[in-house]
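Each remark here refers to the structure printed beneath this line.
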Amino acid sequence: MKLINGQKISNKILAGLKRKTEKLKTKPFLAVILIGKNPASNLYVKIKEKRAKEINIGFKKYLLPGKTKQSKIIGLITELNNNPKVTAILVQLPLPRHLDTDKIISTIDPNKDADGLHPKHLNQLKRGQTPSILPATTGAIIEALKSTRINLKNKSVAIVGKSKIVGLPTYYYLKKRVKQINIYNSKTKNLPGKCKRTDILIVAIGQPNFITANYVKKNAIIIDVGINKVSGKTVGDVDFESVKKKAAWVTPVPGGIGPLTVSMLLKNCCLLYSFL
């Protein structure tokens, strides 16, 4: 088994972006809206800020209380849409339950949508088109797969997890690029048997250590998108110790898809800036 070193790939992407931003007279500028006090979200925003500043991307965080009304958030996004200094906008997910995530994301100007989750971009994916901006986590998954140098065209893929953030966009993107693809959830009947027949298994369900060797085809590629805390330790949705004897490639947690998602988000920021 070989590890897909997301941190190493991410560092290479960021170095390339830095070389580009150093040549710019003005810099890309990312505005991040963080609502509430979710410790994980707070940590992710800090990492994004650190990496953005390292590669000359301007950054401002808007921290709002967890009980903020939706109308106020939409008002802030509208202000940022109209601010020429701001070239990219990110609303950190997940949002508090009283808020309508779809409505809030759709308020972002698609030409400033750093996370690539605006309906315009997702609808392009659904139609089999490649949008100008890929959802950041989908982009991270594609980069991880590219690093293995496999030919996707003759591979079968199973995605476990149907979220609008990860599972569905990745399904739409890969649909025309692989031999066969299926998308499941954790309650799909005979899930182990279905996963075991696939060459590439992508898991994003938010359930720690859910996928064991029983789900894995010999020499499969395993992409673990999950980030969970168990007894103070960060683990994925895949039981790493269980699958490592069967898989050919695995993304570790931490150090796999997480850092790659940050670099793809910042790549999106640079792309959005270049479209101005």
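Including glycine, each Cβ sits where the backbone N, Cα and C put it.
Please treat TrEMBL annotations as automatic predictions, because they have not gone through curation.
TrEMBL has this to say about the protein:
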BINDING   Gly161, Lys162, Ser163, Ile227  NADP(+) binding site
DOMAIN    4-115  domain 'Tetrahydrofolate dehydrogenase/cyclohydrolase catalytic'
DOMAIN    135-271  domain 'Tetrahydrofolate dehydrogenase/cyclohydrolase NAD(P)-binding'
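In this model, the domain 'Tetrahydrofolate dehydrogenase/cyclohydrolase catalytic' (4-115) carries an average pLDDT of 97. The DSSP secondary structure for Gly161 (NADP(+) binding site) is coil. Listed in sequence order, Leu168, Ile183, Tyr184, Asn185 are the same-chain residues at least 6 apart in sequence whose CB falls under 8 Å from the CB of Lys162 (NADP(+) binding site).
Sequence-distant contacts of Ser163 (NADP(+) binding site), defined by Cβ-Cβ distance under 8 angstroms and a gap of at least six in the same chain, are Ala204. In the shown protein chains, 20 other C-beta atoms lie within 10 A of the C-beta of Ile227 (NADP(+) binding site). The number of other Cβ atoms within 10 Å of the Cβ belonging to Gly161 (NADP(+) binding site), over all protein chains shown, comes to 24. Taking every pair among Gly161, Lys162, Ser163, Ile227, the residues listed as contacting NADP(+), the largest Cα to Cα separation comes to 16 Å. Ile227 (NADP(+) binding site) falls outside any helix or strand according to DSSP and counts as coil.
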